[in-house]
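Features as listed in Swiss-Prot:
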COMPBIAS  16-25  compositional bias 'Basic and acidic residues'
COMPBIAS  42-53  compositional bias 'Low complexity'
COMPBIAS  294-303  compositional bias 'Basic residues'
COMPBIAS  304-313  compositional bias 'Basic and acidic residues'
COMPBIAS  332-398  compositional bias 'Basic and acidic residues'
CROSSLNK  Lys151  SUMO2 cross-link
CROSSLNK  Lys310  SUMO2 cross-link
CROSSLNK  Lys331  SUMO2 cross-link
CROSSLNK  Lys386  SUMO2 cross-link
CROSSLNK  Lys388  SUMO2 cross-link
CROSSLNK  Lys404  SUMO2 cross-link
CROSSLNK  Lys408  SUMO2 cross-link
CROSSLNK  Lys496  SUMO2 cross-link
CROSSLNK  Lys541  SUMO2 cross-link
CROSSLNK  Lys543  SUMO2 cross-link
CROSSLNK  Lys544  SUMO2 cross-link
CROSSLNK  Lys553  SUMO2 cross-link
MOD_RES   Lys98  N6-acetyllysine
MOD_RES   Lys137  N6-acetyllysine
MOD_RES   Ser287  phosphoserine
MOD_RES   Ser417  phosphoserine
MOD_RES   Ser460  phosphoserine
MOD_RES   Ser536  phosphoserine
REGION    1-84  region 'Disordered'
REGION    181-205  region 'Disordered'
REGION    294-402  region 'Disordered'
REGION    342-375  region '17 X 2 AA tandem repeats of R-[ED]'
Amino acid sequence: MPERDSEPFSNPLAPDGHDVDDPHSFHQSKLTNEDFRKLLMTPRAAPTSAPPSKSRHHEMPREYNEDEDPAARRRKKKSYYAKLRQQEIERERELAEKYRDRAKERRDGVNKDYEETELISTTANYRAVGPTAEADKSAAEKRRQLIQESKFLGGDMEHTHLVKGLDFALLQKVRAEIASKEKEEEELMEKPQKETKKDEDPENKIEFKTRLGRNVYRMLFKSKAYERNELFLPGRMAYVVDLDDEYADTDIPTTLIRSKADCPTMEAQTTLTTNDIVISKLTQILSYLRQGTRNKKLKKKDKGKLEEKKPPEADMNIFEDIGDYVPSTTKTPRDKERERYRERERDRERDRDRDRERERERDRERERERDREREEEKKRHSYFEKPKVDDEPIDVDKGPGSAKELIKSINEKFAGSAGWEGTESLKKPEDKKQLGDFFGMSNSYAECYPATMDDMAVDSDEEVDYSKMDQGNKKGPLGRWDFDTQEEYSEYMNNKEALPKAAFQYGIKMSEGRKTRRFKETNDKAELDRQWKKISAIIEKRKKMEADGVEVKRPKY
């Protein structure tokens, strides 16, 4: 082995008597678990001789380093801290020699600084008139005792010269005061207990031989009369419920405690059984029957007869003793506040109604203005004006503003119908003239009876056909998803007709009805045709412009 740090190392040597020359015999003698147990159970033999000198791994190394030894380091540390402690004690001794404990001097009565002030305070305590020897002696003793107590305890907590938290004497004084107070309180608490024990002693001596005697004694002497609270009388507290209030359902119930004079007395409150209730009801019904027969009118045959004299008991009122109900005229402040609130609400409602009426009047005026403008536009239309295309939305005129306009609209509609022409051809010229006057509103009451001519023209015994009338659909209109295909839905929308209820109420029966919506079928071919027409129109327009000599922007392909 190579040497490290000039120290030779060697492999450990085998113990004495161990021979490993024959490896075959070593392999044959294998140890088992039993051999291992025996080895564990046999005690270790004491060494007969010293360990061999060749094994040097337990020896101290040649060069000993004191810093690496933990015991040496511990000793050094102890000596260092001992020196520090000694220096600290010496410093405290020096400070104690220079420091003067004035509080200790004051407690011992050796304080030189307060000698002059004590003389002044003691001379002020003496009286002007010389007292007797005994009084002087007792006063001096008391004064000396007070001085000593003030020196030791420091006087009262508020006026003491001791510092709270620094002087131990003040803490002792406060503790003594707290202990004395607690003792006094305990004595006060124990006094009534002792007195009650003294009172109970003679009673405890009583012995009862029977249960009956014990019960009699308890009922006579031990039963305590219950103190009645005058506030809790039967029927004194009642719930106040305002039936006129809008928020009566959610209002918090308020309680009212009535005065004793208003409360019903116990004598007045009679407990009625079921029989008494039935009897009272029967008497009430009989009294009603008597009053009803007396107030009936006499028949013709009984008019001449004199009224039979009734016994005085029949007219007696069973509720004679009960006085009439006198309502209180004064209202509570809460009722007054509610009345004011309701008045304010009524005024607001009136103002709102007025505003609504004004708005309606304005709307009516606007409608009349629009109707006049439409009439003027119709008059201005020329004969050769283009008809409206199907794609353009049709303006549905609103109802007429007055009865005259309603009659005019009826005349215009019926003048173009075939049935009306047939009836006109059958009539005489005089009737035509009268009818013209009738529709012209020259001399008739048609304004008051707007449906008169309508009833004359279309009156029949058959029932009116209400199949086309728009009676309203509670489930809502049919939509796209109520049909299987788009074609069925478009066919339904094209054929859908509905007449307003007003037409049936006023007697106007339209032949074809009104289509609710202009639903047009859109297919690819129609769309392509429309686009081709637009493109061809643009091309024609450009050709005309080129022919006229106008420069046209040419697209780049």
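Positions of Cβ are set from backbone N, Cα and C atoms, glycine also.
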Might you list, by sequence position, any residue in that chain lying six or more from Lys543 (SUMO2 cross-link) with a Cβ less than 8 Å away from its Cβ? none
Nearest to Ser287 (phosphoserine) by Cα distance: which of the recorded positions Lys98, Lys496, Ser536, Lys544 is it? Lys496
What residue among the recorded sites Lys496, Lys541 has the most other CB atoms lying within 10 A of its CB? Lys496
Specify the count of other C-beta atoms within 10 Å of the C-beta of Ser287 (phosphoserine). 16
Comparing the recorded sites Lys408, Lys544, which residue's C-beta has the most other C-beta atoms within 10 angstroms in this structure? Lys408
For a three-state summary based on DSSP, what are the helix, strand and coil counts in the region '17 X 2 AA tandem repeats of R-[ED]' (342-375)? 34 helix, 0 strand, 0 coil
Rounded to a whole number, how many Å is the Cα of Lys408 (SUMO2 cross-link) away from the Cα of Ser536 (phosphoserine)? 47
Integer Å value for the Cα distance linking Lys98 (N6-acetyllysine) with Lys541 (SUMO2 cross-link) is 128
Of all the modified residues here, Lys98, Ser536, which one's CB has the most other CB atoms within 10 A? Ser536
What whole-number Å value do you get for the CA-CA distance of Lys496 (SUMO2 cross-link) and Ser536 (phosphoserine)? 36
Could you round the CA separation between Ser536 (phosphoserine) and Lys544 (SUMO2 cross-link) to a whole angstrom and send it over? 12
According to DSSP, which kind of secondary structure is Lys496 (SUMO2 cross-link) found in, if we only use helix, strand and coil? coil
